[in-house]
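Features as listed in TrEMBL:
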DOMAIN    B:4-118  domain 'Response regulatory'
MOD_RES   B:53  4-aspartylphosphate
DOMAIN    B:127-225  domain 'OmpR/PhoB-type'
DNA_BIND  B:127-225  DNA-binding region
């Protein structure tokens, strides 16, 4: 029992709570008894002083008379006196004889004495001294009432401490039941996940307390893990699927290659085709690995300030001749837009977008490459006047291995998926829309109506630099 | 004098492939299969180039590289990596590799890069005027002429021509150009570099003039004296 964290916690809580209660009450009781004792001493001192005056005025006789008078008064029931002569013979008072433990001239003491009028010993606070004539005088107070009061006080303190301990035990038990209950939920969920059901989630109670928030965070983590696992599964599935056909073709090619009576030219052609197949597969593999890495957040640690305008200028510079060859104008409008990012991956994303645009832009049209700040957001846009992507298909084309128009060929179906993964890595929003470039372009011959050729605007909206930094921090430790 | 290459690669198929190719190209190749062994031989010295795999048993490639550099060995190092992501390449260069090549690569690419690393000291000579046949490129004034004809080049075309001329007679691959001129450590799908080269060719080779930039099939380009 003591091994569980909660029982240890309860024990500590109990000890601390009881100790502090005992301490508070102890100090309180001690203080009040000390106060009462002090008061008794004061009364005794005053009395001694009064009696000393009587002795000075009327000698032993006067003193004895005063004492006798006081003893007669009902109000002085608690008072104790004893006056003896120099030999210890009693002159007057309500004690039978001088108690042997009391020395005249000592400090005030407390002791049990038998009064003349009482069968049982009583607690007495007393002070004794020797008078100038050799007589001894003892003045005391019956401390019974005070002792009772003190005892009651101490008892109350002990009871209260015990009760407090009991209460804290109960409170601790209730608290631990609550905590254990919530932790138990997490543990049960975790065991179920360990057992193989990755879809399990920790229940939320809607109280928005620490536990609910912890559970929500855990669930978000589980969602992310499930997403990554799903991704991985999708990657392996589609990889297996996608590499199967080129591998089959490759096998066929090599089988053909092994034919003994093959003309050298034919052999060479086969080798070239086999090489092309292998190249295509390797490209896909590289792209898939880049996508997975970006989606897993790898590369964030290499973020640095990047000017989208410079990035666009470099890319435009690289692609302008190729565009020109295809009869397409590459129009650059680059306004400065600073972000934090991975320059290589961003360049790769932009290069993929430009290659897509080049693939689909009709001859005679223009591709627009724009950077700048729009509504406070650094933006990178590639717009073409090609056939565009129907609104219903836009989410789908961002997935791996999805190509809309197989007749256009060439595409691996990974270009936009990589762009999407890189956007996600940068916390950027990727939007596909009908192109504004399409509206004012020279109408190409193979696209007579605007409706047939809405063009495509691909926009990457980046978080503003300081927000980018926060997104990076909140993403937690990167592997 | 044949040049000595130390090949540190644990994959025997890959090592055979590289060693055979380098041997045919006239290099003396020494092979070893573990990082520890490789580091030991590299510190022996006497090599003109080290080709170092990133993933090795016993001591990984980056550690070998770091230890070599720490021991003051300046031999050029060409790193090889399996399916190198962009980050991997940049990291290798940062750790002191002179060049980085991602598997899979064509042998032509490896040969071009090895050649470039072996000849590097020559580049450091501060030539300001580069020439090939009657083509002259002045790096100081940024002028290019062919015979008496002035060639108007855009800045990137000028850089490309200068890069080729500095490696006259040697193969320059597409990826080398992309890395050097655009700092792109990935392969665009489109034949962008081919288009750039063909534009450059049109500018420097006038009608009737012998072409200077040659295409080396499966590898890249080479500028050389005609003949």
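Heads up, the Cβ atoms here are built off N, Cα and C, so glycines get one too.
Remember, predicted model here, so these are calculated numbers, not experimental data.
In the DNA-binding region (B:127-225), the DSSP tally of helix, strand and coil residues is 34 helix, 25 strand, 40 coil. The residues of the domain 'Response regulatory' (B:4-118), classed with DSSP into helix (H, G, I), strand (E, B) and coil, number 54 helix, 26 strand, 35 coil. In the predicted model, the DNA-binding region (B:127-225) shows an average pLDDT of 90.
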